[in-house]
């Protein structure tokens, strides 16, 4: 039993050592994503194009409801970042555009304002303290992992920001959609949010929820 355990431990150490010395693990998008990211693409199949992404050069498609667009450069779009603990995105905010209260369960976020003016902030989980600031061109703000945060175009022109994340797949949950874009019965939403049932039904109608 002792030698069997020692053998298994040695295999773990060897596997860990091999993983540690890999230069990269370009994601194989033909295979499913998992908790540890995508499986590595065969090295013989890797090209320079795997490490280049040009999708942030153009303005994203603005969503009318929020007057904003987010163009991601996450592992599914940019397999070269798979396993590296980083990714980026482009944020376009039309006049009065807003990214509603949301959270990234898997990553901290850094936002850099390229043009325009953005009011951004987050809420702490310990005492619900709010930290917000109006950001100008050249300003940077950080949003700790998992905390609720938002961005609003507070200027008179469109705004542009570049965002970096501490994960190739940061995840996203938008509070409004989590509450009102599903089939959770209105009475349960009312009981857990203290909102009026009529307002909940209205929000469900806007966001595509039912019940």
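Residue numbering: from 1, along the chain as shown.
Just so you know, glycine gets a Cβ as well, placed from its N, Cα and C.
Curation plays no part in TrEMBL annotations; they are all automatic predictions.
In TrEMBL this protein carries:
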- 102, 104, 109, 149: Mn(2+) binding site (BINDING)
- 104, 109: oxalate binding site (BINDING)
- 25-40: disulfide bond (DISULFID)
- 54-201: domain 'Cupin type-1' (DOMAIN)
- 1-19: signal peptide (SIGNAL)
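Where TrEMBL records a feature, it is marked here on the structure.
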{"residue": "25", "record": "disulfide bond", "Cβ contacts under 8 Å, 6 or more apart": "37, 38, 40, 41, 82, 83, 84"}
{"residue": "102", "record": "Mn(2+) binding site", "Cβ contacts under 8 Å, 6 or more apart": "148, 149, 150, 172, 173, 174, 175"}
{"residue": "104", "record": "Mn(2+) binding site", "Cβ contacts under 8 Å, 6 or more apart": "143, 145, 146, 165, 167, 170, 171, 172"}
{"residue": "109", "record": "Mn(2+) binding site", "Cβ contacts under 8 Å, 6 or more apart": "142, 143, 149, 163, 164, 165, 166, 170"}
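Listed recorded positions: 40, 149; maximum Cβ neighbour count within 10 Å falls on 149. Surrounding the centroid of the Cβ atoms of 102, 104, 109, 149, where the record places Mn(2+), the chain contributes additional residues within 8 Å, namely 103, 122, 143, 147, 148, 170, 172. Confidence annotation: the domain 'Cupin type-1' (54-201) carries a mean pLDDT of 95 in the model.
According to DSSP, the secondary structure content of the domain 'Cupin type-1' (54-201) in residues is 22 helix, 57 strand, 69 coil.
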